[in-house]
Amino acid sequence: MTTIAVVGATGQVGQVMRTLLEERNFPADTVRFFASPRSAGRKIEFRGTEIEVEDITQATEESLKGIDVALFSAGGTASKQYAPLFAAAGATVVDNSSAWRKDDEVPLIVSEVNPSDKDSLVKGIIANPNCTTMAAMPVLKPLHDAAGLVKLHVSSYQAVSGSGLAGVETLAKQVAAVGDHNVEFVHDGQAADAGDVGPYVSPIAYNVLPFAGNLVDDGTFETDEEQKLRNESRKILGLPDLKVSGTCVRVPVFTGHTLTIHAEFDKAITVEQAQEILGAASGVELVDVPTPLAAAGIDESLVGRIRQDSTVDDNRGLVLVVSGDNLRKGAALNTIQIAELLVK
């Protein structure tokens, strides 16, 4: 008898988690949904029955006993507060926030890359990587296994759903506000008022913002998204000295993050070898031209535009493009795949 809980069940990623649990016929006999007091009491249909959403703020260790796996997508603050409570009650927590990713006692797992790390639980918590890192890992791990990864230069083009519902609503409202005046931007970037900038530094509609995430106050002038890319790649791949530089860009796309990756290796690796490796890789689909629209709604990371990097000698460099659904594999799916590993 397996009991699973979804914490943050009414949020953007929580909704995808619920859908995937049904689609994948997750082997749970009992399912419990938790959310903030604002959503508590609401009834959600799941597998033909209605489940009442429980108030996370009222949870106690006693009331949580019997839960085997808890899937968290309620934000870092809630995770820090409640994940240890669920773990103390006997659940294994799989957390989708950034709260635990840097903790040396919490494994950071991509299901296709380092599943065995689930056996190294100290706190009863497993962390899910950032959605941008997630898209790249199933692609980079088999290439690393073949040629030894030593350096990454990455530019990411991140969808507004990565900013939560506020990002989605901001883009939709700005497009509507500009309306038929959009063509006037051809000659004048100030020709129409897009309205409130929402969670961004400038209007996102008809624009590109080379500033995804929040500025880290450590003198590097990097955003937290850029630092996550570096820190998480090192931890997941088990390469603490991997050199990683990145620029994270927010683009007016609803769902689907795209990355251009310049990868340098210790050994030579040709385009043909890379294509053969990636064609057989789990969680990867080899395509000619990856796009966020094509990636939205599917499980795999799309990879294509694979070229030899002419700036790296001896065929030790590759350039490639990756697109992945930041809500699906980038958040909800990997969380559930980890849960599937736990209940096998």
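Backbone N, Cα and C define each Cβ position, glycine as well.
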Listed co-binder of NADP(+) (same site as T10, G11, Q12, V13, R38, S39, S161, G162, source Swiss-Prot) among N315, N326: N326
Whole-number Å value for how far H257 (active site, proton acceptor) lies from R38 (NADP(+) binding site) (Cα to Cα): 30
S161 (NADP(+) binding site) versus R250 (substrate binding site) - Cα distance in angstrom: 10
Of the recorded positions listed as R101, C131, K228, H257, the one whose CA lies nearest the CA of Q12 (NADP(+) binding site): C131
Candidate with sparsest Cβ neighbourhood (10 Å radius) among T10, Q158, S161, N326, the listed binding-site residues: T10
Rounded to the nearest Å - Cα separation of S161 (NADP(+) binding site) and H257 (active site, proton acceptor): 9
10 Å Cα neighbourhood of C131 (active site, acyl-thioester intermediate): matching recorded positions from T10, R101, H257, N326: H257, N326
